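Asker: Okay, handing you the structure first.
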Amino acid sequence: MGIREFPNGSARGKAATLGMRRSPDVSPRRLSDISPQLRQLKYLVVDEAIKEDLKWSRSVEDLTSASVGLTSIEERILRITGYYGYQPWAASYKRDERSRESPAPAEAQMQAGAEGGGRVNRCCWKCSVTQLKKIFWGVAVVLGVCSSWSGSTQLAKLTFKKFDAPFTLTWFATNWNFLFFPLYYLGHVFKSAEKQSPKQRYRECCRFFGDNGLTLKVFFTKAAPFGVLWTLTNYLYLHAIKKINTTDVSVLFCCNKAFVFLLSWIVLRDRFMGVRIVAAIFAIAGIVMMTYADGFHSHSVIGIALVVGSASMSALYKVLFKLLLGSAKFGEAALFLSVLAVFNVLFVTCIPVILYFTKVEYWSSFDIVPWGNLCGFSILLLTFNILLNFGIAITYPTLISLGIVLSVPVNAVVDHYTSEIVFNSVRVIAIIIIGLGFLLLLLPEEWDVWVIKLLTRLKVRKKEEIPEGNGDIASGLPNKSRRTRPSMSSFAH
């Protein structure tokens, strides 16, 4: 509106207008030149918010212009009307305000970098602390698995000297599985923020068996077969301890991981891995060599066959569980193991009774039964199964599996001092081969990709180091020549 007031032929006025817009501190005209606009001020309606802005801007501008001496009525009217874009509150003050409030770009980048670095450091610190905790708990779990598994094996061997009843011992130890769900519920009460009643927790865990929960049909179709496999696994293992030494039993039972891979590859159509096939071959070769170590005696062959059968039942248990039930949470696994104890009490109790009256597993009186050994074996086996099933909550599964392998040297040391075992070259090689096969089976599925990445990084680092070394040598040559040149020139002079 103000630009149209200027004559069209006046270039001088245009230049004055541009100069006016650039420096708002100088008045563009006399007050008489804008008298038509001043007459319209009485009809001007101003909002309350604009009034507050005007008061605020006027006070700020009065403070800033006091030193320059801009106190005329003309300046004030131009300031209020915003004539020709004269808005000090929207330009100069806001610049000052921004310069006061917002830091410089370099400072902002430094602050952002400091904050980002602090967050990264905190995240790295948290990750490192978490990994250290997992490793620490992993060591504790490995020691617990190793001690409980080797301790239960040695205690079973000691028990059979006084109480020759492997199936009764299996039945007695399996009944202790009933404690799985109560122990899990105690952990849930102490750890979980949302506490549930035992009935609510039981109903929630029963969804693992299906929409209808744990019905009679589900009990016989999904729980009973696993109860049979559980009993056979433990009975064959304990019966083998009667025939051969505990070192051979523990090392041969490690072959169950190879059997799990073979069954998973055939039944579950898992990914084929050459290294696991090699591990399975090592396991089979170790079994043959272990049989040859004792000269194919009847007791040793029967004992080895029993252990291999126990490892096979264990592998079949794991593969069928994955096939029929899938993966289970901690509460669901605890409930499932407690259900196995119920099955054991209801349907397996008759077998020890039959064996007792047929004098297959007979004892003259209950006073001679070593209840301390039976309870100790049951507690150690329960501890082993708890660590094996719930240890993954606090550490890595690979570390838990290492505890089973470490039980082999522990049993070997105990057998060396308590029995007449002979560690000939064939037995030692068989133990090493089976242990190596077990360790190969612990490799993750993408281990080859990780190895290739590692080798690639090492090659890249070597290539980077070689040019740096050449650069150092090349940079050293001119220095030497520079040092020698003055001496040559001095000799020339």
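Positions of Cβ are set from backbone N, Cα and C atoms, glycine also.
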Asker: I'm validating the feature mapping. Which of 1-31, 187-217 is tagged region 'Disordered' in TrEMBL?
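Answerer: That would be 1-31, the stretch labelled region 'Disordered' in TrEMBL.
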Asker: Restricting attention to the domain 'EamA' (137-291), give the mean pLDDT.
Answerer: 90
Asker: Of the listed stretches 214-237, 275-293, 299-321, which one has the most C-beta pairs under 8 A with the transmembrane segment (249-268)?
Answerer: 299-321
Asker: Please work out which recorded stretch in 135-156, 176-193, 275-293, 426-443 has the most C-beta pairs separated by under 8 angstroms from the transmembrane segment (333-356)?
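Answerer: Highest pair count goes to 176-193.
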Asker: At a C-beta cut-off of under 8 Å, are there same-chain residues at least 6 beyond the transmembrane segment (275-293) that contact it? List them, or none.
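Answerer: For the transmembrane segment (275-293), the nonlocal Cβ contacts are 248, 251-252, 254-255, 257-259, 261-262, 300-301, 304, 308, 424, 426-427, 429-431, 433-434, 436-438, 440-441, 443, 447-448.
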Asker: So what's near the transmembrane segment (394-414) in sequence-distant terms, Cβ-Cβ under 8 Å and 6+ beyond its ends?
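Answerer: 134-135, 137-139, 141-147, 149-150, 153-154, 246-247, 249-251, 253-254, 257, 387-388, 421, 423, 431, 435, 438-439, 442.
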Asker: May I ask for the residues of the chain that lie six or more residues beyond the transmembrane segment (426-443) and have a Cβ under 8 Å from a Cβ within it?
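Answerer: Apart from its flanks, the transmembrane segment (426-443) reaches 247-248, 251-252, 254-255, 257-258, 261, 275-276, 278-283, 285-287, 289-290, 292-293, 398, 401-402, 404-405, 408, 412.
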